[in-house]
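*Asks:* Found this in TrEMBL, in case it helps:
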- 51: active site, proton donor (ACT_SITE)
- 107: substrate binding site (BINDING)
- 18-261: domain 'NADP-dependent oxidoreductase' (DOMAIN)
- 76: site 'Lowers pKa of active site Tyr' (SITE)
């Protein structure tokens, strides 16, 4: 079996291409989920202040028999803290029981408030201080990204966006790539696979490779050059989602899955969402 793949970010830091997301998980669920994930081989964990489970992540990591240097921890700046990123980060570090964050992401641009450039400048300073290794954003459209770059000269290393077979965001993915911004997929299974897992192309590929529909979709993300963070608190599903290193989809198969794109957004519109 091939080793889990890593991605080199434009700032020189390296992150696992596949991680565990913990959205909508309680502190108790997160502890169990991360323990299982570490056993299976995960080393990247994606949380956020808004998930209200950073304490659980911190406890799980504290009890882990894995060196901190082997772990890649992501958390996020919430919308109500754009004018106080330092305070928000220190709160997250305390809850996570960590000295630094590997990747700190601005969760949404919230253009109605229009503090995202100010927040980004604050994140740049926190990175310079060594409290954060890498900085990026979530849910930023091209015009939001361009403004950040124009006004600060610092490009996010990651843009984490809703991306799955029904919402492939190819234009944004391509723009990110042109600017050396790594695209990361949230809701990669389209919220449990509804409308995806029952597609003939997905079922046929699952039969061909002896894999589940979820594994086919995760492999599609990986083979499309995306970082992907499927969420689960179910031990068997956590293991299943990581068992994707013994096969690859070819160009034609990726092309067939590309045909499923409907531009179907399941989450909020980044130009409207204020949290």
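Numbers here mean position along the shown chain, with the first residue as 1.
Placement of Cβ uses the backbone N, Cα and C atoms for every residue, glycine included.
On a predicted model such as this, the values are computed, not experimentally measured, just so you know.
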*Asks:* Averaged over the domain 'NADP-dependent oxidoreductase' (18-261), what pLDDT does the prediction give?
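*Replies:* PLDDT averaged over the stretch: 96.
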*Asks:* Do any residues at least six apart in sequence from residue 76 (site 'Lowers pKa of active site Tyr'), in the same chain, have a Cβ closer than 8 Å to its Cβ, and if so which, in order?
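*Replies:* The answer is 47, 48, 49, 50, 104, 105, 106, 107, 138.
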*Asks:* To see if you understand the setup: which same-chain residues, six or more apart in sequence, place their Cβ under 8 Å from that of residue 51 (active site, proton donor)?
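*Replies:* Sequence-distant Cβ neighbours: 22, 23, 24, 25.
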